[in-house]
Amino acid sequence: VKKKRELSRNVKMATDLGELLVPYMPTIRVPRRGDRVFKSECAFSYDSPESEGGLYVCMNSFLGFGREHVERHYHKTGQSVYMHLKRHVKEVRRVTKLFSNLELNRDFNGVDYEYEDEAKLVIFPDHFEIPLPNIEELPALVTIACDAVLNASSPYKKQEADSWEEEIQVSRHARSLRQQDNRVRIPPSGWKCAKCEMRENLWLNLTDGSVLCGKWFFDGSGGNGHALEHYKETNFPLAVKLDTINPDGADIYSFDEEEAVLDPHISEHLLHFGIDMLQMQRTENGHHTDNHVQPRVSDWEVIQESSLKLKPVYGSGYTGIKNLGNSCYLSTTMQVLFSIPEFQRAYVGNLQRIFDYSPLDPTQDFSTQMAKLGHGLLSGQYSKPPMKSDLIEQVMKEEYKQQQRGISPKMFKALVSKGHPEFSSNRQQDAHEFFLHLINLVERNSSGSETPSDVFRFLVEERVQCCQTQKVRYTQRVDYLMQLPVPLEAASNREELIAYESKRKEAEENMRPPPEPVRARIPFTACLQDFTEPENVPDFWSSALQAKSAGVKTSRFASFPDYMIVQIKKFTFGVDWVPKKLDVSVDVPDFLDLNRLRATGLQAGEAELPDITPPIVIPEDTRAPEIDESSVMQLAEMGFPLEACRKAVYYTGNMGAEMAFNWIIAHMEEPDFAEPLAIPTYMEPDLPGPSFPTSSALDNQPPEESISILTSMGFPRHHTIQALKATNNNLERALDWIFTHPDCEDESEAMSDTADTEPNSNSDVFFYFPRWLIYNDHKICLSERPPKDLGYMYFYRRLSSC
């Protein structure tokens, strides 16, 4: 009788549940391949199944919502059936050990927990609950859908449908490839096609090391097909695209097989030409570094202030970000951005409006995810101090609830890195590159006339001067940060560095352990001075000469931002393609006066370069120049020499007889005016470019004897060093440079006043630091000894009095 009653009750329950779900059956879906199920994170907050209210997963869109946001989704979409997930956490470590952790204010990494998961269907708006599993009571479709949701994998893993691509096969030439012993070494930059002027879409032939341009069908970026022509002449089958080489591989093409291929021996084949791809491993700031060089433990301890007992802070603005795996670049950037009021107002201040007008899939909306992240960091909801009395009571009852330990922005990272080959990976990245990437996303997704990124925006005035005619051109460009070079030759402990380098070489030759490394101490004023110095312009075409010439460029500030970001360029490339981090300490000041770097515009006595477009360069000089003969004849009929007319038409880009006539009037006094036209092929050797440091970057210092000769004439040492650097250590040219740049002497002396310890009331522009905090993933503490000299990016705020 009892069994019959239970069976009858179960049949009635099944009938009731079936009838209850009938109106909603068309809205309940089974996740298909490619569907993403968000069962661990709310689309609008960082609520999860472990949160007090649990997480609601829509059984149609499979989006997750916390208790505060599920009603919004229901009213916007009309979807009524949600799976409610709740995880109960129970700490199982011994009580005495837990007390020890509490007293030391440590997090609970390594503590053992028991998890008890609870799931049920909830039907809105009446909040009718159906406990799961109810396999016998529920319709088959609902049971299958619930099971699929509960067993779905993480939505942040690449789905098969999203990551499908044609399988690339190993080339049949990879194993047997014979490389020529021709001592070719490929530099890490500055490449150019060996047969034309192409500097993009370049391919390195893995047999002889030739660098040649591709054709459009390789990757759609254009070229003259010289790589393919080289294969037809030599039958050397494999080539690698130069700008794709990274520690994980490279893009390789087989001309013989006419398709992209794999080369299991690519690291060996590249090493033959001096490219050590296995050593190209990202550092925390995103650049590559040598695998064998490990950071000193003492440095890490200094950065972490591990020798000090730091005071933790909680609440609004003090919420940590969990490490998602090599995600420090993202965490540090977002923590700083959301400490700026303009970003707070744009996203957190407009939170409700952004959420109310979000699209049906808020996980793919940039503004929604920025607002969610900002609220998570600033609300204090995920940064609560531990209540010791409550914890002790909970431990005694074995009901300990794990404290919130920061937020995990997986949804945000997946969105902002979507489609980006580097940020979508789990490799370490550069904070500077990510900052610029994010600023681009902010501007693209801003609907109003003003965007929060405007606080970083400023104008740079670039002054380019033709060294032969002394004529100048002023242009402006937008920038978002100030990149300061690190002049190692200006190290205040130069003698100590030279002694260390000597000991290091001696130890290396004698196979002894290396000496304790010595860090270069660079004055911040030297970095600023190097920033202001003229730099050579490669492949400069002078519109005054209408030919290639030597040109120099200087940069100044045409405007200043509300927040100035200063990046210390601590990375350089070695000849082996391995980017190296400079071990330097820079005495970055708390206050900056950049007024002396204001742009001035065209000065009295300066002559502007003519506004003439450079001629179109013909890649191969075997072709005849295209010249408008009708314009030539119009000019010749005026009585001008025929060759002069041809030059005039050519150098004005076939823009018509009137433009060519103006060129003739301007050049008719020149001695070669009537000489035959010599078409520039631009195949002459490149102008000297920046050298790459080998064993020591101190080799960049000009010869001491050259410095002595110039200083003996009465010129300041710093001015002579500038002159020699700008003229490639040519004494005669350096002397001319000193006479044509008398203002550099005064400017170099003024740089010492640019970094102040306190603001000067007579200055116009200042920036300063706020108080220092240390953000170590989810742990945030007040900093006692901030390692300001070891930073990579510094954010200064403009004083309100400016």
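Glycine is treated like the rest: Cβ placed from N, Cα and C.
TrEMBL has this to say about the protein:
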DOMAIN    169-277  domain 'UBP-type'
BINDING   Cys193, Cys196, Cys213, His226  Zn(2+) binding site
DOMAIN    319-799  domain 'USP'
DOMAIN    626-667  domain 'UBA'
DOMAIN    701-741  domain 'UBA'
Residue distribution over DSSP helix, strand and coil in the domain 'UBA' (626-667): 29 helix, 0 strand, 13 coil
Sparsest-packed of the listed binding-site residues (Cys196, Cys213) - C-beta count within 10 angstroms: Cys196
Overall pLDDT for the domain 'USP' (319-799), taken as the rounded mean: 80
Chain-internal residues, separated by at least six, CB under 8 A from His226 (Zn(2+) binding site): Cys193, Ala194, Lys195, Cys196, Met198, Leu212, Cys213
Cβ atoms near Cys193 (Zn(2+) binding site) (within 10 Å, other residues, all chains): 22
